[in-house]
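Structure first, then comments.
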């Protein structure tokens, strides 16, 4: 691919994709070294955010007499953290070595995280604490996400379709968070606004792709870079939300 690209450049041609992917320069055996490094850094930030959330919830904030958390969304954030770390792990593996298995694992992990993030957005924005209501919201989304993952893995790994599904779920949850941020009096709504706007701008890098600069940095790699500060900010909001809800519920329990 690189030889053909050099020939095209000599004749004034523009870079092209091969089987839907840009040609990259390898480094130390990694196919996309910049994306690998940024994926690993995202994994580290997610782990830090999840652990700091765990410590805050169970060791710094008050617990109920039964040693459970007052915060009603603790379990949802734990699942979000695990799915996020799973995604960035497989993202690093996929960008290290692009084969059918690693691509499927990367795509499936992204769809699973986006689907669950949409569930989290709906449940938190609409303040759903009743288990029956949570099931009614979650079940159809889980069914759709599961069906899409099975389609990608066992029928057709359609990159274009998968991108449309991911963008649709991403836009939906950003809109939900944006509407809630404009309506709520939450003390950390400013952080939420920054995360929503930043997430929307970062998504443009996934939609408007461009060839890798010097064979290393493409739009997708830059998207990996933008998610690092957004992830830190997102976990900061999650911790603020836990403190806000716990303080309110603890006062009512006294």
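Glycine is no exception: its Cβ is also placed from the backbone N, Cα and C atoms.
Record note: among 91-108, 109-126, 109-126 is the stretch given as transmembrane segment by TrEMBL. Within its own chain, the transmembrane segment (192-208) is flanked in space by residues 163, 166-167, 170-171, 174, 177-178, 180-181, 186, 219-220, 222-223, 226-227, 229-230, 233-234, 237, which lie at least six positions past its ends and keep a Cβ under 8 Å from the stretch. The stretch in closest packing with the transmembrane segment (220-238), judged by the count of Cβ pairs under 8 Å and taken from 36-58, 70-89, 109-126, 133-155, 161-180, is 36-58. Contact between the transmembrane segment (161-180) and the transmembrane segment (109-126) is present: at least three CB pairs lie under 8 Å, with pairs separated by 6 or more positions in sequence. Here the transmembrane segment (133-155) has Cβ contacts under 8 Å with residues 104, 107-108, 111-112, 114-116, 118-119, 122-123, 162, 165 of the same chain, all six or more residues outside its ends.
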